[in-house]
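Below: one structure, written as C-alpha cells.
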Amino acid sequence: MAHSSDLALFRHRIAEALPSANVPTLLLLLYQFTGKEYWLTPPFLPVKSVWGDNDSGGLAAELQTEIRNAALDAIICWHSGAPVTKQDLSEEELIRMLTVSEAEPIPPEYADMMLHKLRRYAGAIPDPVSLPKGFRVLIIGAGMSGVAAAIRLRQLGISYIQVEKQDSTGGVWHAHHYPGCGVDTPGHLYSYTFASGNWSTFFPLQKEIDDYFNRVARDFGIESSIRYGTECLVTRYDEESLTWHSRLRLPNGTEETLVTNVVLSAVGGFTTPKWPNLSGLRNFDGPVVHTSKWDPEVALDGKRVAVIGNGASAMQVVPAIADRVGALTIFQRSRQWVAPFPKFQKPVPEPMQFLFREVPHYEWLYRLRLSWIYDSEVHEALQKDPAWPHPDRSVNAVNDRDREAYTQYIEGQLAGRPDLIAKVIPSYPPFGKRMLLDNGWYRTLLKPHVTLVDGAAARVEGRSIHAIDDETHEADLIIVASGYDTTRYLLPVEVIGRNGRTVRDVWDDDDCQAYLGTVVAGFPNFFMLYGPNTALGHRGSFIFTIESQIDYVLSVLRQMGEKRLVEVECRQDIYQHYNRKIQQMHQQMIWSHEGMSTFFRNDRGRIVTNSPWRLVDYWNLLKEADLDDYRTMPQVDSRLETSGVPREGVQRPGSRLRRRPS
C-alpha cells in the first residue's frame, strides 16, 4: 500500500499526464482495469481519423474529460493495489476492444497475434530450448537484430558467440549520423516487445535510438560479451564435421577461425552505400559525402550544396541543413509521395513519459493500437483490383482516395507555387515506392535559396553539375543521398554452403531468395534475420518482424535438441515453392506496378526486399517451425557430447550419421 504522501504525488503526476493521453487507449485501459462494458459503448465510440493515432478519438470535449477523469480514478485504484479486472483477456474481448478503439472492424484472425504481443510486452519469454553440451551459435552483428537474438539466446541458456565490426551496438543507428537522421516509424513501435523505449519524442532521432540499443544490451547482460571490432569475412559450411567455420578479422588486424554448429546472420540490409553512376563525380573539385558515411567535420555554413537524390535520407538531411547553407540544389531523379507528419520532432511531454513508464498497461495498449494502424490496416489498399478503371494512377478505390488525400496535402503545402506542385506530384500510385513522411520537406522547397531540379544529375565537371536538361548548377559540396545496396543480402560477408557454392552463386548475385526470409536451401544450420522479402513496404514494426524470425529460429533449435538433430537444411522444393508464391503474390500488389522504378526490385525486375504478407499471416508462418520443410540429420552415437564442436573449438573426426530423406 502506498503512503498517502506518495499516493498524492503519484495522483498529481498522472493528472498532469492525462490531458495529453491518447483517448482511444484510455478507453482500452478503462475496460481492462474496471471490466465495465460502459466504456466500449456509445457515446464513447471513437471516430476514425485520417492521419495519425487519433489522440482525441474525435470525441466531444466533455466526453474526453469524463474518460480522463475515470482513467485517473482507475489508475489510482490499481496503483493502490486493486487487481486488474480483465487481466487475462479472451480473443473475443481483445478484438472487440480494438474494434472500438480503432473505429473499424479488426478481423478475428488478428486476436492470437495481438494477445501474443501483450504477453511479450508483459515480459513473457519463448519456451525453453535444450541443446547438447558444447553446441554453439555464431551471431554476426550487434545491431537491432543481433541484440535481440543475443538476448533471447542468453535467456534460454543457448551458448553463443557474437561479433560486431563496429565499436558499439546499434548497427545502422550507430554508423549513420547525418543531420536529421531518425526513424519514420513511431518510437513506441520501433522498440523491442520486451524493452520499453522511454522515448523523449514520438519519432526519435538517431542518437536516442542508438542509445536505446546500447541501454538494452547493457540491461539484459549481453553487452560485455560482444566481440567488438571483429568482422566476419567468410563463413563456410564443412560437410564432414557438419559445422560452420567462420574467418574473423580481429581488432588488431589478425585473423582467427571460429567453429560453431549454427550461424545466425544479423548483418542488416543498410550496410553498403549505393553510389550513383554519375560521370565525373569522383573528380568533383570539392568534398563529396554520402549520407551513410557522413563526415561531421564537413563545412556547410554558407556553402553552395548540391544533394543527389530525394528519397528517405534526402528528406531528412535537406530540411536539417537548409538554414545553414548559402544555396541548396536538389537533383530529383524521381518524384515521391510524401505523407503528413504531424508528430515530427514532437516531444513526448515529461508527464506522458511518466505515464508510459509508471502505468505499463497504458503503454502496452498504446503500442497495440499503433501496431494495427502502422502494421496492418494499409495492406488491403495495396492489392490490385483487376476491375479498377484507372490502373495508371492507382490500383484500387482505396488507393485512389489515398492519392487524392496526399495530392491535396501537397497542394496545400505548396499553395501559390504551381511550378513546384507540377514538379513534385508523382504519376504512379501512392505506396508504389517507399512512402515518405514530411519532416519539413515542402516547407524547405519554398525557401528562396533552395532549387529543386526535376531530373537526375547527368555529369560533373569541376564544380559544375549538369542536369539531364543540360542546365548547369554550381556547388562547393555534394551530398550523395542515393541510399543503399538493398538487393544484395548478407553483404559484405561471404557465405559458402554445401558443395562449396557461395550464396552469391546461388542467388546469381542479386536475385536473393529465402524460405520465410530466414533460410536458404543448400546452407544447413544457417539462418538470417531481415532476409529477402521481409521488409514491410506497407509500414509497420520491423523490430516485431525480427523478433518473430528469432522465435522461428528458436523453434528450429528447440526441435533440434528434442530430436537430437545435428543438421537441418531447407528442402529445395519447399524453398522454390515458397519463392514462387511470393512472386505470384507480388504480381497482384502495387510494387509490381509498371509506372515507377523502386529499390524494392533487383536489376531483373523481381521484388526482393518487400514482404507480400499481412503481418499476421507472416507471424503465423513463423510461429512454429515445421521440420517437414527440412532435410534433417540425427545424431546416432549417444556417447557424443556435442553436435560437431568440441569445447576447444578443434574439428573432430566425422561421426556416424544418417540423413533423413527429403
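Glycine too: its Cβ is placed from the backbone N, Cα and C atoms.
Counting Cβ atoms from all protein chains shown, Tyr190 (FAD binding site) has 23 others lying within 10 Å of its own Cβ. Per Swiss-Prot, the feature FAD binding site maps to Ser145, Glu164, Trp173, Asp184, Tyr190; the stated evidence is similarity to another entry.
Classification of Arg434 (site 'Transition state stabilizer') by DSSP places it in coil, neither helical nor stranded. For Arg434 (site 'Transition state stabilizer'), the Cβ neighbour count at a 10 Å cut-off comes to 19, with all displayed protein chains included. Per Swiss-Prot, site 'Transition state stabilizer' is recorded for Arg434, and the stated evidence type is sequence analysis.
Sequence annotations record features per position, and here Swiss-Prot assigns region 'Disordered' to 638-662.
Here the binding-site residues are Glu164, Asp184, and the one ringed by the most other CB atoms within 10 angstroms is Glu164. Less than 8 angstroms from the CB of Trp173 (FAD binding site) sit Gly143, Met144, Gln206, Ile209, Asp210, Phe213, each of them six or more residues away in the same chain. Cβ neighbours of Ser145 (FAD binding site) (same chain, under 8 Å, six or more residues apart in sequence): Gly171, Ala266, Gly268, Leu529, Tyr530, Ile546. Closest to Arg434 (site 'Transition state stabilizer') by Cα-Cα distance, out of the binding-site residues Glu164, Asp184, Tyr190, is Asp184. Maximum intra-site Cα distance, FAD binding residues Ser145, Glu164, Trp173, Asp184, Tyr190: 25 Å. When secondary structure is read from DSSP and collapsed to three states, Glu164 (FAD binding site) falls in the strand class.
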